[in-house]
Amino acid sequence: MKNINPTKTKSWNLLKKHFNNMKKVNIKDLFEKDKNRFSSFSICFDDIILIDYSKNIITKETIKKLIQLAKECDLNNAILSMFCGKKINYTENRAVLHTALRNHKNISIEIDGINIIPKIKKVLNKMKNFCSDLIDGNWKGFTGERITHIVNIGIGGSDLGPYMVTEALKFYKNHLNVYFVSNIDGTHITEILKYLSPKNTLFLIASKTFTTQETITNAYSAKDWFLKYAKDKKYLSRHFIALSSNIDEVKKFGINTENIFELWNWVGGRYSLWSCMGLSIALSIGFNNFEKLLRGAYAMDQHFLKQPFEKNIPIILGLISIWYNNFFNFETESILVYDQYMHLFSSYFQQVNMESNGKSIDRNGNLVNYQTGSILWGGYGTNSQHAFYQLMHQGTKIVPCDFIVPIISHNPVSDHHQKLLANFFAQTKALAFGKKSENNHIKLYKYDSNKIKILPFKILPGNRPTNSILIKEINPYNLGSLIAMYEHKIFTQGVVLNINSFDQWGVELGKQLSKKLFSILRKEKILNTSSYDSSTNGLINFYKLWKK
C-alpha cells in the first residue's frame, strides 16, 4: 500500500474548486435538471440490494473527481493487497484477512508462505460438527440433560457483531436460546444467569487473547456460578467452550483443548463474526444458515474486488462520506434501519467505523491535516422519527443518512409493512426536498391570517442528503452481503484518508490506567493530594467515603 496524503493529490485540489461550485447547490434543483437522476445514481447488487444515492449533493462530475482521488490514492492496489494477505496492518505487522474466512472457493491465500485456507476449513468443519451435536441434542450437560441455553461472554468484536447478527436473523432461530454478556458491570451477568440453570447452560468464552479484563472477569463469575451447583471441575468440559488464539490462557482457565475453537491474529476483533467468534450465530440459526451468511459476504467481496469504481457500491459510498466530511464539514452520519430485527445494526457499525477510522495519525506517522472518521450513530424504525428526526429536518447540523429497509417482511401483519415503507419513502423525500414557505402561504392566509406568525416554524429547508438502501429481505445471505458492503466502505475511506483502519491503539491507555486504579480502589486508605490529579483523587476518595 502506498502512503499518500490525499490533500497533496491533484484530485483533492480539483475537488476543492468543485466544492465552491457545489456548496450552494440544492438537491431539488438537481432533480429538476435531470428527470432520470435516479437511474444515473443508483446501483443494484445481485438483484437483492438496491443503492439509491441520487438524493446527495453530487453530480456526475463530483463522482468522477472522487473516483480520480481514489485512483490517485492507489485504492485498487490496496484492495488487492488486503485480499492476497499482505500485512497492511503495519503497526501490528499483520495481514487483514477476514475476507478469507468467507472464501469458499478453496483458492490458496498465503501468509509467510503458508496457505491459511486449510486452517479455516478445519475450524469451520469443527464448528459444523459441534453445532450438529448440540442442536440435535447429542451434546448433553453434566446431568445428561440437553443444552437449551447458550451464553456468549465477550466484548467489542467478540460480542456486538455476533449479537447483532443473532438478533437480525432471529426469524431463523431454532430451539436454542442465545444470550450475550459483555459489560463488566455485575448487573449484566446477574440479570441473565438468574433465569438460567447450570445443568442446561453452555458458555462460549469469546476472547482472542483470553486476557480481556471484562471477558475474563465475567468468565470466572460464570465458572463460579456453574461450580456452585456442579461441584466438580471435571464437568466444565460439558459447559464451557473457548473461542481464542491463546491456548495457554484457555488451559489455565480450565477449558479442555478439544473445547477450543481457534482464531488467528490476522482476524481483527471487529471483523471476526465470520470466524469461530460467530459460533453463537451458527448455534442460533444452524450452521447451514451461517454458511449462507458467509456466502453473501463473499459475493460482496467479489463485487468490491472486481467491479469498476463507477459501479462499485462500497467505493461510491465511502467516497461520498469523504466528500461530506472533508468538504462540507458534515461531522456525523447516521444509519437508520427500518426493520425491528436489525435494531443493533447501527450500533455495530458505530463500533466498526469509529474504531477503524477514528485516527489522527496517518500511515506515515504524521498528524493529519484533514478529517478522518465521521461520528456514526443511528436508530431503527419509526421509533427514531419520534426521537431525533426533528434535528435532522430543522436543526443546524446536517446529518447525511443511510436509510435501510427490507421489501419483504418476515411478519406481514395486516398493512404494517406498507405503512413502514411509506414512512421510509416519506422521510427521505422530506429530508431531500423539504417544505418551503410558498406551499404554506395560501393555506395560512385562507383560514386565519394570524397563523402567519407560525409560518417560519413550519418551513423545512430540505437539502439533507440521504442514501436509500433497499434489501429484498433480511435473510442470512443478504445480511452477509450488507455487512460486507459496509466493511469495504470503511476500508475505502481508510485507504483514501491514508490511515490504518485495522489497529486501535487509542483504547489501550484507558485499559492500562484502569488496572492501576483497580488496585487502589481495593484499599481503604484515602489518597493524598500527590497521588494523582486533583479530579481523579477527589473522585476516588468520594468513592471510598460513600461505599461505606
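Using N, Cα and C of the backbone, Cβ positions are placed for all residues, glycine too.
What Swiss-Prot records for GLU355 is active site, proton donor, and it gives sequence analysis as the kind of evidence. Sequence-distant contacts of GLU355 (active site, proton donor), defined by Cβ-Cβ distance under 8 angstroms and a gap of at least six in the same chain, are GLY156, ARG270, GLN504, VAL507.
Using a 10 Å Cβ-Cβ cutoff, HIS386 (active site) registers 10 neighbours. The annotation active site is assigned in Swiss-Prot to HIS386 (among others) on the grounds of sequence analysis.
The active site feature in Swiss-Prot is assigned to LYS511 (among others). Residue environment of LYS511 (active site) contains 11 other Cβ atoms, counted within 10 Å of its Cβ in all protein chains.
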- Reported as an integer number of Å, what is the Cα distance between HIS386 (active site) and LYS511 (active site)? 37
